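I have a structure here, written as structure tokens, and I will follow up with some questions on it.
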Amino acid sequence: MSGLLWFSWLVIFLYFMGFFILGTAVKNNAVVDFGWGLGFVVVGWASLFYYGNLDAVSWLLLALVSIWGIRLFYHLYRRNWGKPEDFRYANWRKEWGKWVIPRAFLQVYVLQAVFMAVVSYAYLYAMTVADKPVNLWVVVGAIVWITGFYFESVGDKQLENFKKDPANKGHIIKTGLWKYTRHPNYFGEATMWWGIFIIVIGTTGFWPTIISSAVITYLLMFVSGVPMLEKKYENNPEFQAYAAVTSKFFPWFPKKA
């Protein structure tokens, strides 16, 4: 496992260095978002060529991660490519001033590389365990993953369609999955990684792999996902009214106004 870990970490580091060079050249650090989902696909397939023979469970994990990563990359590319720098990175650019390049290198690209190394640990570990059983845990994990994929992909599509309508400009989406959670896409992403963990723990019994799904859930709920968007709309009366009756993260029925 140690050899595969070092190899995967090297791949991840070089991968994000490529995005650092691109982001610096175009003066838009939001390009790193394109690399998040796709990076898991790259390191997964690179590890396949490094490690060699895989069993059915490893192929399933690689397929699930690839489907998620490619869809997320395509979605973000269509939505953001050629547009001004995302508000998060634009604010940091102003805050960092003349130190924007070294700060971005460490706090955007290197930090995301570290997070990717941690989050990918579970399924990369599973790839090193031979002859994993195709058991009930695999089925349960796959169902959990499909549920998460549904929430992320459908939530993203509903938001995209909502924003396409000029009548909705400046308004908050409150329909579809967004009626039950303010962040169906983030909930979906976290759920998918818990599905991956269920498959891994159910076929390897290696509990330390829980760190992968725990870290991505923590990041989405308390660091880079939910908090940043909530802060963006903290002074928006429509959003505050929506937030008063809608679950923040876990889907649930709306409260009575």
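Each Cβ is built from the backbone N, Cα and C atoms, and glycine gets one as well.
Automated prediction, rather than curation, is the source of TrEMBL annotations.
Remember, predicted model here, so these are calculated numbers, not experimental data.
Pulled these from TrEMBL:
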- 6-23: transmembrane segment (TRANSMEM)
- 30-50: transmembrane segment (TRANSMEM)
- 56-74: transmembrane segment (TRANSMEM)
- 104-124: transmembrane segment (TRANSMEM)
- 136-154: transmembrane segment (TRANSMEM)
Within this structure, do the transmembrane segment (136-154) and the transmembrane segment (56-74) have 3 or more Cβ pairs under 8 angstroms, counting pairs 6 or more apart in sequence?
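Result for the transmembrane segment (56-74) with the transmembrane segment (136-154) is yes.
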Near the transmembrane segment (30-50), which same-chain residues lie under 8 Å Cβ to Cβ, leaving out any that are not at least 6 residues past its ends?
3-4, 7-8, 11-12, 15-16, 19-20, 22-23, 62, 65-66, 68-73, 76-77, 80-81, 85-86, 88-89, 108-109, 112, 116, 119-120, 123-124, 127
Which residues of the chain, 6 or more past the ends of the transmembrane segment (6-23), have a CB below 8 A from one of its CBs?
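Non-local partners: 29-32, 34-35, 39, 42-43, 46-47, 50, 104-105, 108-110, 112-113, 116-117, 120, 124.
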Below 8 angstroms Cβ to Cβ, which residues of this chain, lying six or more residues outside the transmembrane segment (104-124), approach it?
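Residues 4-5, 8-9, 12-13, 15-17, 19-20, 23-24, 29, 32, 35-36, 39-40, 43-44, 47, 61-62, 65, 89, 92-93, 96, 193, 196-197, 200, 209-213, 215-216, 219.
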